[in-house]
C-alpha cells in the first residue's frame, strides 16, 4: 500500500523547488546585461545530451556576425532520433549586446541575444535511439562518432548523408564499432593518431578502435583492444593531448586510471588513483600543460591532478551543490576550467586565483578561484563546449530542451569593476 502522506510531501517539495528555480531564473534574467556580453537562448525540439562546437568558422564580408557550427543530438520520447549539425550566428566585436533594450512586458532584454542571434538546424541524420554523446574526429571534422543506447558506437561522415533524413527512419552509419556489451557516454578521438577512438561503457570496459582498419561485412569494425581495469561503470575516457599512447579513464569505482597503449597488459593501468569519495563522472587534460588534468565527481568536487605525482591531489574545487558530469579546460587560457552538472549551474574556475585573500563577504559567494557561475539553466546541464574560435564563448545544453550560447562580461575575467553599481544588481535573497 502506498503511503499517501509521503506522496503529498514529495509533490509539495517538488512544487517548492520549482518555485525557487523559477525565482532564481527571473533574477538571473534581469541581471544578464551586467553579467554577460552575450546570451542566446534556444529551445530545441528535443533535449540534446551532447554539445560540441565544430572547428570551422565562416566570416562573411559586410556582415557583423560570423557563422559557427555545433554538433547536437536528440533524446526523444519514442520518436525518431537524429544526429544534428546546427549553425549559430555569433556577433562580431562591433555588434555589441545592448543591455539598454529592456522589455518590461516580457521581463527580458533585447539586443543581440534575442533579435539577430540565429540558430538553425542544418543537417539531420537518422540515429538509433538517443545520442548519448557525439564527438568529431580532429583530423577530419566531417567524421563524427556517436554513443547509442545499445552497445554499438556509430561513425558518420556527414558529407555522405543528405541534410534531410530518410523518412523511413533507417539509420545508416558509415561504420559500426563493436566490442562493448552495454551503452555508455565516454568518447575520445586521439588528436595525434588518425582514426584511433576510445569509448567508455557501463560494462566496466574501455574499447579502442582504429577506424582505418578494414571493416567486416555490414561495415563493422571490432575493437582493437579492450581495457578491463575498472570494477564498475566507466563514465569517461580521454586521450592525452600530446602523448599519442597515453589516456585516462574514470569510473564509478571512484578511481582515475592512466593507461599506456604501448603496454601489452590491457587489464592493468600504468597508474591507479583513488580520486574521489564517490563516482567519478568526467575528466579533461589541460591543453597547455602536459602534466595537468582535472576530474569531476558525484562527490560535488572537481579535483586537479599532476601526472608526475598522482598520490597527491593538487587541489579540490568546491562550490557545486550536486553531482558534476562534465569538466572541460578552456582552449584559450591555461588556467581556466569549467564544470557542470545536476545542480543546473556551470562554474568557471581560474587556477591562478587559488589561495588569494578574500573579504568575508566575497568568501560567502565561493572560493577565490570560482570566477563565474552561469545560472541560465533550470534543469540539469547535460553537456557543454568551449568555442574554439571565440574566447570565453560557451554552448551549454540542459535536459529541458534548452541550449544556451553565452559569454561572460569582459570585466569578470579582466578583473575590472563592473560599470554598474552593486546596489542596482538584484540578488537572490531566497
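Here, residue 1 is simply the first one shown, and the rest follow in order.
Backbone N, Cα and C define each Cβ position, glycine as well.
Candidates 100, 319, 339, 385 were compared with Swiss-Prot; the annotation phosphoserine appears at 100.
Residue with Swiss-Prot feature phosphoserine, selected from 11, 199, 297, 396: 11. For the repeat 'WD 3' (229-260), the most Cβ-contacting stretch among 126-159, 179-210, 275-306, 319-350, 376-407 is 179-210 (pairs under 8 Å). Residues 21-22, 25, 28-29, 32, 36-53, 55, 57, 66, 68, 70, 72, 88, 90, 117, 119, 133, 325-326, 328-333, 338, 340-342, 344-346, 413 of the same chain sit 6 or more residues outside the repeat 'WD 6' (376-407) yet have a Cβ under 8 Å from a Cβ within it. Across the candidate stretches 126-159, 275-306, 319-350, the maximum count of CB pairs under 8 A to the repeat 'WD 2' (179-210) is reached by 126-159.
Under DSSP, residues within the repeat 'WD 3' (229-260) fall into helix, strand and coil as 0 helix, 18 strand, 14 coil.
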